[in-house]
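Asks: Below is the structure I would like to discuss, written out as structure tokens.
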Amino acid sequence: MAGRRNRECRSVGIGIVIETPRLQFVGLLPGYLDSGDLEQAVALVAAEVGPKTGLSPPGGSVLNVLFAAEDEIRALNHEFLGVDGATDVLSFGEDADALPVDMRPLEEPIVFGELVLCPDYVTRYARRVGTEPAAELLLCFVHGFLHLLGLDHGTPEEEDVMFHLQDRVVRRLGHSPRTTYRGCSAASRQP
């Protein structure tokens with residue numbers, strides 16, 4: 001079963017295309033997040049980041065959001081980052097054509113970037129650390145979107161800026177973000 005939903009975030013001028021190839025967890029999204037949540041997150045991030053940094057997605061562009069099973073995200077993580085293991089979110093910027101053909105969007109609009117999220121991984125991790133799955137999935141979406149805008153967390157200073165911003169956006173959307181992300185290595189975030 002596969003699904004596709006389009007949504008335009010008018011306040012930012014970016015479309016959101018949600019792709020669910022080979023969807024094994026169709027019940028997860030309707031109970032936790034919908035495209036309206038993602039649209040609000042994009043608008044809040046743009047409002048927070050844009051004026052301070054000048055970074056924003058180009059008007060009329062599309063952000064593709066793909067939901068992948070753990071074996072799919074593990075393969076992408078290995079291919080593009082050299083990491084052998086599943087992860088919560090991967091961000092692909094303008095070179096999104098590098099994604100495998102069966103993971104690319106069905107149409108070819110101007111793509112700002114692509115986020116690949118693994119809801120099963122995120123949900124397991126959320127339960128392990130005692131946070132709500134919706135907040136964790138939203139946090140991962142915001143985290144990946146911030147990477148597409150050029151933010152990173154390679155230094156303690158960058159980490160403080162990026163994680164403070166993603167936490168603020170998640171809170172403004174009515175969720176309680178986890179605080180254990182700061183300073184955690186990928187290995188300690190295994191679900």
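Just so you know, glycine gets a Cβ as well, placed from its N, Cα and C.
Quick paste of what TrEMBL says about this protein:
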BINDING   H143, H147, H153  Zn(2+) binding site
Asks: Just how many other Cβ atoms lie inside 10 Å of the Cβ on H143 (Zn(2+) binding site)?
Replies: 23
Asks: Looking only at Cβ atoms, how many others are within 10 Å of the one on H153 (Zn(2+) binding site)?
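Replies: That number is 19.
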Asks: Ten-angstrom check, please: count other Cβ atoms within 10 Å of the Cβ of H147 (Zn(2+) binding site), all chains counted.
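Replies: Step by step: centre on the Cβ of H147 (Zn(2+) binding site), count other Cβ atoms within 10 Å, giving 19.
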Asks: Can you name every residue in this chain, apart from H143, H147, H153, with its Cβ inside 8 Å of the center of the Cβ atoms of the recorded Zn(2+) site?
Replies: S91, G144, L146, L151, D152, M162, Q166
Asks: DSSP secondary structure for H153 (Zn(2+) binding site), reduced to helix/strand/coil, please.
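Replies: In the DSSP reduction, H153 (Zn(2+) binding site) maps to coil.
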